Amino acid sequence: MTMNPLLKAFLAGTALLGLAACETVPPAAAPVAPAAAPAAAPTPPPISAETAALYAARPDGDLTVPAIPASLLTEDKARQVVDYWTDEPVGTIIVDPYAKRLYQVRPGNKAMRYTVGVGAAGYGFSGEAYIPYQRDWPRWTPTDNMLATNPERYGPSAGGVDGGLENPLGARALYIHNSGGDTFYRIHGTPDPQSIGTASSAGCIRLFNQDIIHLAENTDSMTRVVVLTQEQSGQGTTPPEPAPIATIPGEPA
């Protein structure tokens with residue numbers, strides 16, 4: 001599928017340019033052996049059939065969500081139930097943007113863990129919030145700030161972009177509010193699966209479309225959301241320290 005110009009602009013990143021140099025070898029010098037070829041990048045381990053099935057193509061209403069290429073998947077990146085220790089109630093969504101993870105709390109010190117991509121806006125909010133509503137295949141409209149700072153890129157889309165396979169919000173969007181109203185913080189899908197697990201140039205918190213569909217199916221209206229700060233990153237992933245044993249004064253500990 002060829003991406004349209006809007007999507008290419010929305011997902012545009014930066015590239016690094018390398019410079020090469022050479023120098024003359026005096027005639028009397030011994031021949032220089034050719035440089036060894038760089039070692040090939042290690043091939044990622046194959047994913048299980050179960051993981052491949054989680055990210056296979058799937059129908060969703062009138063659309064078909066494309067499969068995630070196996071080259072973009074690992075067992076660690078796939079959604080899975082993990083140990084997680086928190087006092088937050090079951091169902092709470094905990095976003096750890098600095099670890100590129102999202103957790104939905106389950107009973108018994110467990111959580112469903114998703115890998116996420118984090119855009120610049122994903123670091124712009126932390127604290128407690130809730131999800132008043134969600135949308136399937138949502139429209140995307142650039143914010144006033146986007147239009148003001150980059151009118152050439154976002155001006156043509158000022159009226160909004162209909163939901164679909166190339167829409168930047170992907171298959172679902174969960175809208176985050178707090179006591180002050182809309183935070184403009186979103187948890188959403190993406191048409192760019194290679195951005196998952198990375199720091200992206202745009203967007204808030206993005207998941208594979210298969211994962212955002214799964215999360216949305218398990219998220220009720222008014223679900224609580226906690227977004228961790230950098231100092232809180234990793235919170236809940238290790239068991240708490242055991243409480244000290246109380247001793248009676250005068251008796252050996």
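A Cβ is built for glycine as well, from the same backbone N, Cα and C atoms used for every other residue.
Over in TrEMBL, the protein carries these features:
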type	residues	note
ACT_SITE	H188	active site, proton donor/acceptor
ACT_SITE	C204	active site, nucleophile
COMPBIAS	244-253	compositional bias 'Low complexity'
DOMAIN	91-228	domain 'L,D-TPase catalytic'
REGION	230-253	region 'Disordered'
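When the Cα atoms are compared, the residue listed as 'active site, nucleophile' and H188 (active site, proton donor/acceptor) turn out to be 8 Å apart.
Each residue of the domain 'L,D-TPase catalytic' (91-228) gets a DSSP state, and the totals for helix, strand and coil are 29 helix, 53 strand, 56 coil. Mean pLDDT for the domain 'L,D-TPase catalytic' (91-228) in this predicted model: 94.
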